[in-house]
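What TrEMBL records for 108 is active site, glycyl thioester intermediate. The compositional bias 'Acidic residues' annotation in TrEMBL covers 181-231. Taken from TrEMBL, the feature domain 'UBC core' applies to 26-171. The region 'Disordered' annotation in TrEMBL covers 174-231.
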């Protein structure tokens, strides 16, 4: 291999390395921008371990559909090369839908990839992509065969099954029981800590009082002794 060829391959590697770093920085900036936009919206969002690449979203079923009264927690993970690669999205509490795995809650990747575009942001997922999937399932790529069959053959029974799952797993009350809120949890912890502090203070006060009683008793004993000596 001559010097010219070596130089050529060296520069090619440098170019690829620089492009990789540039894409990585671009993805990080895009993740930060999209997540901040989501956090500033009206949607309830909880970061997992303060990570910008993993979080939960409280999702309400779209109106004028059998899912209307349902409330679900979405689990979203963003890949390092987001938005050029689609996010991983799943339902934490159960939902009855042809393209959503009934056990894991995962949405079919082929369905996500077929609709995903780097031009979309995270708000598009919550406000357009998932509501659209619930309204119009993709029957050609099911993860829940029972739901897919009912959706094709018996719409009425299909919708009844959706509402049955909502009553069991996805009402507002069920959501609060399953997930609650971080504020309530932190308040409970604070109250417990305050109670512990109050108990410690009471113990300290009782110890101080008992010490004072001992000192007073000693003083009285000394006085009695001195009186006896004088007599």
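Residue numbering: from 1, along the chain as shown.
Just so you know, glycine gets a Cβ as well, placed from its N, Cα and C.
TrEMBL entries are annotated by machine, without manual review.
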Please work out the mean pLDDT for the residues of the domain 'UBC core' (26-171).
96
Do you know the DSSP helix, strand and coil residue counts for the domain 'UBC core' (26-171)?
59 helix, 24 strand, 63 coil
